[in-house]
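Feature list (source: TrEMBL):
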| type | residues | note |
| --- | --- | --- |
| DOMAIN | 6-218 | domain 'Cytidylate kinase' |
| BINDING | 10, 11, 12, 13, 14, 15, 16, 17, 18 | ATP binding site |
Ligand code: CDP
Ligand code: CDP
């Protein structure tokens, strides 16, 4: 049976990565988190004191970086030039600069090639902002996952608190709204629902319900 490709896009905190991981597990597919790749570039820029506003330096940085995704004990890990940054890329500081980094054409083009290579063999669930529209326009199943801004901020707040960060719900809500705006309004591969994507609103759904909804969509759309 030919393995399919599932693309999941949507705004921050909609549940993409959580749900995508479970969908991949159910189908025995590989999960690919493209947001982690943009976060890795943002982390490298911060580490080297390069401002995202300096596009030439950012282009040079991206050209020389080696980003690798791999699995350890069932968990996806990410390295930058051999250093494991899986935890460091999730800090609020990185969240604040990542949208500026991901709007840079040289950064997007470099990661686009890498993402397409990773999906070549099929059997993948890939999540991000432009997977159904730009990275994998021929994906077998396309999902656009959303949730209300209040619910997304609440979820992200809980998650950060569990990791030990002190967070303010209102501030987090504003930061998420700003990131969504930047991601949706950038010129290259903005966040938007593909014409042939199925919209799923997870505001009142449990993780299991969202996973089931995607598996059902996969069964409907995918004819091996
Ligand atoms: O997990 P969260 O929703 O906070 O974000 P993420 O998926 O880790 O993505 C971080 C950032 O990377 C997004 O806000 C986008 O700026 C960028 N991104 C993108 O431009 N294109 C993608 N395919 C994935 C992420
Ligand atoms: O990847 P994305 O930014 O879209 O969201 P996520 O990181 O998968 O989910 C953000 C948080 O919401 C996680 O802590 C999930 O456990 C939680 N979540 C939830 O409570 N209910 C859902 N239906 C989906 C996610």
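The count begins at 1 with the first shown residue.
Using N, Cα and C of the backbone, Cβ positions are placed for all residues, glycine too.
Curation plays no part in TrEMBL annotations; they are all automatic predictions.
Within 8 Å of the centroid of the Cβ atoms of 10, 11, 12, 13, 14, 15, 16, 17, 18, where the record puts ATP, the same chain has further Cβ atoms from 19, 127, 145, 147, 152, 202. Here the Cβ of residue 16 (ATP binding site) has 28 other Cβ atoms within 10 Å, regardless of which shown protein chain they belong to. In the three-state DSSP classification, residue 12 (ATP binding site) falls within coil. Confidence in the domain 'Cytidylate kinase' (6-218), given as mean pLDDT, stands at 96. Within the set of binding-site residues (12, 14), the lowest number of other Cβ atoms found within 10 Å of a Cβ is recorded at 12. Each of the binding-site residues 10, 18 was scored by the other Cβ atoms within 10 Å of its Cβ; the lowest score goes to 18.
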